[in-house]
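A.B. asks: In case it's useful when we look at the structure, here is the feature table from TrEMBL:
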DOMAIN    1-91  domain 'Cytochrome oxidase subunit II transmembrane region profile'
TRANSMEM  26-43  transmembrane segment
TRANSMEM  63-85  transmembrane segment
DOMAIN    91-186  domain 'Cytochrome oxidase subunit II copper A binding'
Amino acid sequence: MPMWSQLNFQNSNSPIMNQMLEFHDHLLIITLLITIVVMYKMISLYTMSFNMFNLSEHHTLEVVWTAIPALILMIIIFPSMKILYGIEENNPLITFKSIGHQWFWTYEYSDTSGVEMDSYMIEGCKTFRLLDVTSRIILPNKCLSRILTTSTDVIHSWTIPTLAAKSDAIPGRMNQMNLMPSRPGI
């Protein structure tokens with residue numbers, strides 16, 4: 001649940017979101033270490049009294065400052081590809097279709113016999129201001145579901161941050177994403 005003055009992410013509600021948060025934390029540590037090393041080198045070069053700028057044609061240094069960023073990128077790419085392919089696994093239990101309209105969403109349960117509902121935002125709600133709706137979509141707990149998003153008029157954004165789910169609903173285009181909630185909630 002988002003809170004006022006919250007600086008970090010919302011509580012995770014899916015295995016993919018847990019992996020994304022862990023990857024984010026590791027990436028932040030790598031970025032912090034790179035920043036510390038660069039700042040140290042900048043300060044040490046600035047405070048040195050003698051000049052060390054005779055580095056032209058220094059082949060070893062050129063190999064090192066080319067190889068280290070390539071190695072760092074290789075360390076980053078493998079976990080990110082694992083998460084990317086984990087998001088795209090397809091064997092859903094149920095499929096939902098979410099259609100964006102100008103001021104509301106229409107949900108269709110595709111696997112059942114034509115269940116359809118319109119979901120409007122509730123105005124003046126004091127608990128979940130601008131977040132509560134008239135008809136909520138119900139996702140099965142601990143089961144893989146597929147959401148198909150499209151729009152009838154303009155580009156909309158369909159999102160559930162705690163599930164690491166965000167899809168753009170674009171007119172004339174059908175986008176899909178998979179969701180797997182790990183615990184019940186609103």
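Residue numbers in this text run from 1 along the chain shown.
The backbone N, Cα and C atoms fix where each Cβ goes, glycine too.
Show me how these features fit into the structure around them.
C.D. replies: Note on the transmembrane segment (26-43): residues 72, 75-76, 79 of its chain, located 6 or more positions outside it, place their CB under 8 angstroms from a CB of the stretch.
Within its own chain, the transmembrane segment (63-85) is flanked in space by residues 16, 19-20, 23, 26-27, 30, 34, which lie at least six positions past its ends and keep a Cβ under 8 Å from the stretch.
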A.B. asks: In the domain 'Cytochrome oxidase subunit II transmembrane region profile' (1-91), how many residues does DSSP call helix, how many strand, and how many coil?
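C.D. replies: Reading the DSSP string over the domain 'Cytochrome oxidase subunit II transmembrane region profile' (1-91) gives 62 helix, 0 strand, 29 coil.
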